[in-house]
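Q: Before I ask anything, let me first share the structure, which is written out below as structure tokens.
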Amino acid sequence: MAKSTNAFTCTACGASHKKWAGRCDACGAWNTIVEEAPLSQGPGRGLGAHKGRAVPLSSLATSEAPPPRHLSGMDELDRVLGGGLVPGSAVLIGGDPGIGKSTLLLQGAAAFARRGLNAVYISGEEASAQVRMRAQRLGLADAPVRLGAETNLRDILTTLDTERPDLAIIDSVQTLWSDQVEAAPGSVAQVRAAAHELVTFAKRKGVAIFLVGHVTKDGQIAGPRVVEHMVDTVIYFEGERGHQFRILRSVKNRFGPADEIGVFEMTGSGLAEVANPSALFLSERGQPVPGSAVFAGIEGTRPVLTEVQALVAPSTLASPRRTVVGLDSGRVSTILAVLEARCGIPFAGLDVFLNVAGGMRVNEPAADLAIAGALLSAREDSALPPEAVLFGEISLSGALRPVAQAENRLKEAQKLGFSQAILPDSQKVEGAGGMSIQRIADLTGFAGEVFGAG
Ligand code: TYD
Ligand code: MG
């Protein structure tokens, strides 16, 4: 049988290449091609020559109770994990360098340890003394967490196998190296090998593992992307530089809902939990100003109110600026196009700046109406009623579509002192709980009724 020559693979798109190249022909990415050992092809491949071992199969019905989850007592962390830590699970925490991953996991490890779990924290980035100093600063010096500073994968696995902790934190996966892989630490091959070994170990021995992974803006470091498929849970720790708020967001979770968020504030003595994020994100609201719209959103299982802010100004540029922070810019372009094409309200010749207050990110299509509201309010220089929240999805025809969980959104709005909601005509609401509701059929109606525009 001919020997396979496809020994080089692009780590970005998976294309096979016969030889190494700086740039992948298939997807155009640079420095993503790595050499892979070809699959060994013994004799007897082909039909009828099964050499494997039969795997025992079982039925779907089970009498075993699910394993108990461990709670850290940090509600924001427990919620994002899907209701506590599942024994033997592998969790990846990604985020920009300096965002607070090590701080969060040290606090988390201490919280679990204080509740009786055997927790081990292995740092490949800092010496034990540095971690100890941080623990002191965080007031965690007395927590029974055991520290290690190591980057050799084999030594780490041996240590974990001897100690058999309930929980191990590996900070970070990019610093690990295995002597069985000929590549530098941080390379795709090393990161993939290390993650694979650790995840396999976690499953086999019932040790829950947290892997820290740095992501860079340009995605140069081969990293967490490869690992995301291997682990049970992927969590991102996000925040804007210059804001003290940090948002922990699950993007994948085999043991709970994805898109769940936990909100923290970075203080001088570590991360503080924020139990009522709506109040926090709206705290800077004062007098009603044009360009501000309050969106009643749902993040995971929890309603969260956020303020969408817009500024519209005459542009001197041939192609005016569209600066969007905290929202999907494609979504914003669509809404601008719908406003122009369906409602006859052009934004040509105008710079548009859009932003979600407090450094929050909003991904829900339900935010469409609030985005349109902020844009129209800024353009018409007319403030929305300060006691109103908005939600609703906008279709390309300009019609408004209903969204899920209207009652929860309204309840949260009412709790925070709002008395009015602007929402799609087609939205079913069972019990508005005393909120006055203004129903809108389409975007043209919205512009006309609320702003007298169009
Ligand atoms: P760190 O957890 O080291 O980030 P990462 O592991 O994601 O790289 O956090 C680093 C930043 O957090 C650093 O800029 C200082 C800040 N910080 C505080 O503001 N307060 C604190 O109590 C601690 C420990 C860190
Ligand atoms: Mg760190």
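Just so it is clear, glycine is given a Cβ too, placed from its N, Cα and C backbone atoms.
Any TrEMBL annotation is an automated prediction that lacks curation.
Copied straight from TrEMBL:
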- G95, D96, P97, G98, I99, G100, K101, S102: ATP binding site (BINDING)
- 66-215: domain 'RecA family profile 1' (DOMAIN)
- 351-454: region 'Lon-protease-like' (REGION)
- 252-256: motif 'RadA KNRFG motif' (MOTIF)
Q: Measure the Cβ-based neighbour count of I99 (ATP binding site), defined as the other Cβ atoms within 10 Å of its Cβ.
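A: Its Cβ has 22 other Cβ atoms within 10 Å.
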Q: Going by DSSP, is K101 (ATP binding site) part of a helix, a strand, or coil?
A: helix
Q: Please indicate, using numbers and ranges, the residues of the same chain that are 6 or more beyond the motif 'RadA KNRFG motif' (252-256) and have a C-beta under 8 Å from a C-beta there.
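A: Answer is 81-83, 86, 89, 228, 231-234.
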Q: Using Cβ-Cβ distances, find the residues under 8 Å from G100 (ATP binding site) that belong to the same chain and are at least 6 apart in sequence, listing them in sequence order.
A: F237, G239, R246, F264, M266, L271
Q: For the binding-site residues G95, P97, G98, which Cβ has the most other Cβ atoms within 10 Å, all shown protein chains included?
A: G95
Q: Comparing the binding-site residues D96, K101, S102, which residue's C-beta has the most other C-beta atoms within 10 angstroms in this structure?
A: K101
Q: If you run through the region 'Lon-protease-like' (351-454) with DSSP, how many residues end up as helix, strand and coil?
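A: Counting residues by DSSP class gives 38 helix, 25 strand, 41 coil.
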Q: Excluding G95, D96, P97, G98, I99, G100, K101, S102 themselves, which residues in that chain have a Cβ inside 8 Å of the centre of the Cβ atoms defining the ATP site?
A: H214, F237
Q: Are any of the binding-site residues G95, D96, P97, G98, G100, S102 near ligand 2, with a Cβ under 6 Å from it, and if so which?
A: S102
Q: Which of the binding-site residues D96, P97, G98, S102 have a Cβ less than 6 Å from any atom of ligand 1?
A: P97, G98, S102
Q: Give me the DSSP three-state residue breakdown of the motif 'RadA KNRFG motif' (252-256), ordered helix, strand, coil.
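A: In the motif 'RadA KNRFG motif' (252-256), the DSSP-based counts are 0 helix, 2 strand, 3 coil.
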Q: With DSSP, how much of the domain 'RecA family profile 1' (66-215) is helix, how much strand and how much coil, in residues?
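A: Going through the domain 'RecA family profile 1' (66-215) residue by residue, I get 62 helix, 32 strand, 56 coil.
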